[in-house]
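Visitor: Below you will find the structure I want to go over with you.
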Amino acid sequence: MSSTKYDVIVVGTGPGGYVAAIRAAQLGLKTAVVEAAELGGICLNWGCIPTKALIKSAQVFEYINHSEDYGIKVKGAEMDFNAMIKRSRDVAGGMSKGIQFLLKKNKIDQLLGWGKVQPGKKVEVEDKDGKKTVYAGDHIIIATGGRARELPALKIDNEKIVGYRKAMTLDKKPSKMVVVGSGAIGVEFAYVYKSIGVEVTIVEFLDRIVPNEDEEVSKALEKIYKKAGVKIMTSTEVTAVDTKGKGCKVTVKDKKGTESTIECDIVLSAVGVVSNIENIGLEDVGILVEKGKIKTDEFYKTNMPGYYAIGDVVAGPALAHVASAEGIICVEKIAGHHPEALDYNNIPGCTYCIPEISSVGYTEAQAKEAGYELKVGKFPFSASGKASAAGAKDGFVKLIFDAKYGELLGAHMIGANVTEMIAEIVAVRKLETTGMDLIKTVHPHPTMSEAVMEAAAAAYGEVIHL
Ligand SMILES: Cc1cc2nc3c(=O)[nH]c(=O)nc-3n(C[C@H](O)[C@H](O)[C@H](O)COP(=O)(O)OP(=O)(O)OC[C@H]3O[C@@H](n4cnc5c(N)ncnc54)[C@H](O)[C@@H]3O)c2cc1C
C-alpha cells in the first residue's frame, strides 16, 4: 500500500478522466490518474483526433483531384497510404504528449497500470511487470471509457474484419471495403476510404444512414455519398462473413429477407461502443451497473459513497465533450461547489464526414411527437455567397422553433464547416434566446454562419436571400 493519500484518484485518462483530474488539481485537490494504455484515452489516441487527421488527408487529396474546379492544374498527384496513416498516428502521439505535459504542469501523479477499485476507497494498480500497489483516496472517479461493440455475426479478427483501431492503422490500402453501421464512425471512415479510391459499401440495419440525425440530413448525405460512388444498403443486416480464401464474402439480408453477397478485402464493423466495466472491481465494491453502464446520480455519484463515474461508462451520449463536461461537474461537486447539472438536451453532436453534419436538440419528427407546434426554417448553402466562393454548395441549415414562444428546439446542419457553426446554436439555446433575437443578430458577410440567421428568418417568413 502506498503511503501517499490522495483527495482524488481518477481511473482512466480519456477526455473525461484527464479533464476531471486537471480541474481537481486547479481546485487544490491532491490528485492522481491511473492509466493502463495511452494518456488521453480513446479520443486522442484512437478516436476524435486521429480520425480527423485521416479525414484531412483524404480531403486534401480530393481537393487536388478537383483542383481544376478552382482553376488549378495539378499533374500526377499520388496518395501515399502509409504516409497518411503515419501522419494520423503522429498527430495522435503529439496530443498524448500534450496531456502528459498538462498532468505534470498541474502536479498530478501518473500511476501507470491497470486500475481496479477496491472497498475502503482504494485503487489497486497493477503495472506492466505485474507488480500491484494499492492507493487510497477520498474520492475515486471511474473514467475507463468504452471500446468497439461486436456483433455475433461480425467478430473482429483484426485481419479482415476490423474495428476502428485497425481501420486507422491498416498496412495497405484496401481496394474494396464494406462498412457496417452508418453512425458517425461509419460514415467518417467511409468518406476517408472512398476519397482515396477505395470502393466502399455501407450496410445499415435501419432505414436510413446517420439514423440519429434529422431525416432531411440523412437524405442529403445519402444523395451526396451516392453521387460520390459510395454504395448504400439500408434496412439491411449482415448475417455472416466468410473470411476463408483471399478476401471476404459478406452475406447481407434486406428487410424482405432477400440475401445477397458482397465481396471485399476488408469489413469495418462500426456498430457502436460498449462501456469498459469489466475487471475494474465494480463487484468487489458493490457499484451498481444498469444496462451495461455504471449507474450514477446527476453529479456522477455511484450508489457507493466516495465512488463516482463519468464519460463513456455512464448513460448519455458517448462523446468526448460530454465526458469532459461530466468530469468538471463531478469534481466541482466533490470540491463543495454548486455546479449546475448537465443539460443533456443541449449537447451538440458532430460528424466529420464531408460534408460535415452537426445537430443539437429535437429533430423535426421528435419535436412533433413531443406535441410542439412548429416553425421550421431552412436555408440551403447553394444560396450562400461564401459557400459558392468556396465551392461548397452542398447542404443546408435547418432550425426548428416552437411556434408559441419562439424557443429554438433544434438545429440540424449539413455542409462545410458546420461542426464549427453549431456552437452558436448551443449558446443561443443555453441563453434561451428566441428566433427573433437570432434574426436580429448581425452575422458577418460572407460567412457560412449567415445561413443560421437566414434559416431563422426563413422560419418567420423574413428570409432575404431565397
Ligand atoms: C473512431 C472514433 C471516433 C470518435 N470521434 C469522436 C468525435 O469526433 N467527437 C467526439 O466527441 N467523440 C468522438 N468519439 C467518442 C470519444 O472518443 C469518446 O466519447 C471519449 O473518448 C470518451 O471519453 P472517456 O474519458 O469516457 O474514455 P476514453 O477516451 O475511452 O478513455 C478511457 C481510458 O481509460 C483507460 N482505462 C480503461 N480501463 C482502465 C483500467 N482498468 N485502468 C486504467 N486505465 C484504464 C483506457 O486505456 C483509456 O485510456 C470517437 C470515438 C471513436 C472510437
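Cβ coordinates come from backbone N, Cα and C, glycine included.
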Visitor: Need one residue: from GLY113, GLY272, GLY281, the one TrEMBL lists with GLY181, SER182, GLY183, ALA184, ILE185, GLY186, VAL187, GLU188, GLU204 for NAD(+).
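Guide: The candidate from GLY113, GLY272, GLY281 that TrEMBL ties to NAD(+) along with GLY181, SER182, GLY183, ALA184, ILE185, GLY186, VAL187, GLU188, GLU204 is GLY272.
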Visitor: Determine, on the basis of TrEMBL, the cysteine among CYS43, CYS248 paired with CYS48 in a disulphide.
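Guide: TrEMBL says the disulfide from CYS48 goes to CYS43.
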Visitor: Quick one: pull the CA-CA distance for CYS48 (disulfide bond) versus VAL187 (NAD(+) binding site), whole Å only.
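Guide: Rounded to the nearest whole number, the Cα-Cα distance is 14 Å.
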Visitor: Excluding GLY181, SER182, GLY183, ALA184, ILE185, GLY186, VAL187, GLU188, GLU204, GLY272, please set out which residues of the same chain place their CB within 8 Å of the center of the CB atoms of the NAD(+) site, keeping sequence order.
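Guide: Along the chain, the qualifying residues are VAL179, PHE189, ALA190, ILE209, VAL210, ALA270, VAL271.
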Visitor: If one looks at the chain holding ILE185 (NAD(+) binding site), which residues at least 6 apart in sequence have a CB under 8 angstroms from its CB?
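Guide: Set apart from ILE185 (NAD(+) binding site) by at least 6 residues yet with Cβ under 8 Å, we have THR51, TYR164, ALA270.
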Visitor: I'd like the number of other C-beta atoms within 10 A of the C-beta of CYS48 (disulfide bond), please.
Guide: 22
Visitor: CYS43, GLY115, GLY181, GLU204, HIS445: which of these recorded positions put a Cβ within less than 6 Å of any ligand 1 atom?
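Guide: Checked recorded positions vs ligand 1; flagged CYS43, GLY115.
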Visitor: Pop the Cα-Cα gap between GLY115 (FAD binding site) and GLU204 (NAD(+) binding site) into the table, whole Å please.
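Guide: GLU204 (NAD(+) binding site) to GLY115 (FAD binding site), Cα-Cα distance: 37 Å.
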Visitor: Counting each residue once, how many in the domain 'Pyridine nucleotide-disulphide oxidoreductase dimerisation' (347-456) are helix, strand and coil under DSSP?
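Guide: The counts are 40 helix, 33 strand, 37 coil.
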